[in-house]
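Pulled from Swiss-Prot, these are the features on record:
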{"type": "BINDING", "residues": "165-172, 190-194, 212-215, 282-285, 310-312", "note": "GTP binding site"}
{"type": "BINDING", "residues": "S172, T192", "note": "Mg(2+) binding site"}
{"type": "DOMAIN", "residues": "1-158", "note": "domain 'Obg'"}
{"type": "DOMAIN", "residues": "159-329", "note": "domain 'OBG-type G'"}
{"type": "DOMAIN", "residues": "351-429", "note": "domain 'OCT'"}
{"type": "REGION", "residues": "124-145", "note": "region 'Disordered'"}
Amino acid sequence: MFVDQVKIYVKAGNGGDGMVAFRREKFVPNGGPAGGDGGKGADVVFVVDEGLRTLVDFRFKRIFKAEHGDHGMSKSMHGRGAEDLVVKVPQGTIVKDIDTGEIIADLVAHGQRAVIAKAGRGGRGNKRFATPANPAPELSENGEPGQERNVQLELKVLADVGLVGFPSVGKSTLLSVVSAARPKIAAYHFTTIVPNLGMVDAGDGRSFVMADLPGLIEGASQGVGLGHQFLRHIERTRVIVHVIDMSGSEGRVPYEDYMAINNELEQYNLRLMERPQIIVANKMDMPDAEENLKEFKTKIAEDIPVFPISAVTKTGLRELLLAIADKLETTPEFPLNEILEQEDEDTVLYKYVAEEPDFEITREPDGTFVLSGAKIERLFTMTNFERDASISRFARQLRAMGVDEALRKRGAKDGDIVRLLDYEFEFMD
């Protein structure tokens with residue numbers, strides 16, 4: 001089964017909790033705090049494995065949860081950090097955050113790694129909070145929660161050359177005679193429903209990867225037929241080989257087919273028309289092919305080369321393969337998803353990221369004030385509410401952030417209910 005798109009859930013490990021402990025040894029009076037820090041949780045890491053070809057494994061396992069870090073221990077011993085959860089993906093996988101639309105990683109090289117969900121750090125033990133004013137603190141932190149994400153994986157095949165054209169124009173036959181690939185070939189439309197890759201030897205020592213892609217029909221850019229399944233895989237190709245049935249054996253007009261395919265490529269809006277395109281006039285062994293080719297050439301620009309071939313009789317193939325190899329030598333890779341091209345590989349690209357507010361206040365119909373925000377929620381989850389000292393520290397942190405003052409400005413009075421995540425408390429003015 002060829003699977004090229006799937007949605008999964010990933011959750012990095014939480015950090016271990018810090019510990020409140022004191023050194024208690026004979027002949028060591030007033031030993032002081034000795035609570036260790038919690039260990040770091042495990043990241044969720046994607047690694048490219050060149051042995052994989054599809055995303056089919058993710059159809060049966062869609063939830064990936066990494067391990068948590070161990071809690072801190074007494075005698076100032078830190079908790080053990082968890083080992084990263086390594087998930088193998090095929091070459092050409094793009095990882096996209098479903099909720100934000102952000103492209104997290106584009107994984108193309110064997111062994112390439114990307115952290116998809118970042119683990120939480122371990123909470124600090126009470127030894128970390130010792131000060132001259134408070135040499136024996138009874139507070140610690142909980143571990144930081146690990147990042148969780150809903151992500152979409154898209155597989156876009158890695159090929160130098162993509163064969164495009166209407167169904168049954170001979171794309172699969174062409175790939176089968178110029179490479180060792182054995183795509184399914186039959187006398188009906190959409191025989192090819194998944195991409196087929198083949199390594200092609202140009203005959204002069206040069207070689208390249210060619211992809212036979214599912215046939216295209218009008219409206220594919222809007223998802224008609226195999227639509228986006230086809231166009232997704234052509235995004236990585238550097239050269240497009242446009243195969244046309246020059247015999248018109250199914251009553252089609254070659255020039256109209258040529259224009260229709262190019263229109264779909266342009267409508268997909270991924271700079272596909274900027275890629276070099278080589279026109280292949282296939283089925284030249286059929287009746288009317290020569291006459292149709294002459295008429296076709298009168299309707300296109302004179303500087304556009306057309307390579308007449310017959311994939312069945314294997315004529316005209318050497319000239320075509322050499323032309324493709326020549327074009328590849330002068331064609332750079334095209335960026336995906338409108339990623340900015342960098343002129344210098346050593347250039348560092350800084351992106352502006354809008355800073356989120358520390359907290360936001362909303363009010364529900366029942367009068368409850370609701371606090372939200374990444375920073376304030378993080379402080380809340382890392383607070384150990386079993387210790388009075390930790391609760392007092394959390395209250396001081398809220399006051400320093402300006403939460404108390406902001407609530408007053410929103411009309412909060414003594415005794416009003418304030419909710420943060422699943423926890424409710426009374427506002428004290």
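Along the chain as shown, residues are numbered 1 onward.
Cβ atoms here come from the backbone N, Cα and C positions, even for glycine.
Note that the structure is predicted; figures quoted are calculated from it, not measured.
Here the features listed in Swiss-Prot are painted onto the structure.
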residue : record              : CB count, 10 Å
G165    : GTP binding site    : 23
S168    : GTP binding site    : 21
K171    : GTP binding site    : 30
S172    : Mg(2+) binding site : 24
K283    : GTP binding site    : 25
S310    : GTP binding site    : 22
For a three-state summary based on DSSP, what are the helix, strand and coil counts in the domain 'OCT' (351-429)?
29 helix, 17 strand, 33 coil
Just the number: how many Å between the Cα atoms of K283 (GTP binding site) and S172 (Mg(2+) binding site)?
13
Please state whether DSSP places S172 (Mg(2+) binding site) in a helix, a strand or coil.
helix
Can you see whether DSSP assigns S310 (GTP binding site) to helix, strand or coil?
strand
Can you grab the distance from S172 (Mg(2+) binding site) over to G165 (GTP binding site)? Cα atoms, rounded to a whole Å.
11
Under a three-state reading of DSSP, tell me whether G165 (GTP binding site) is helix, strand or coil.
coil
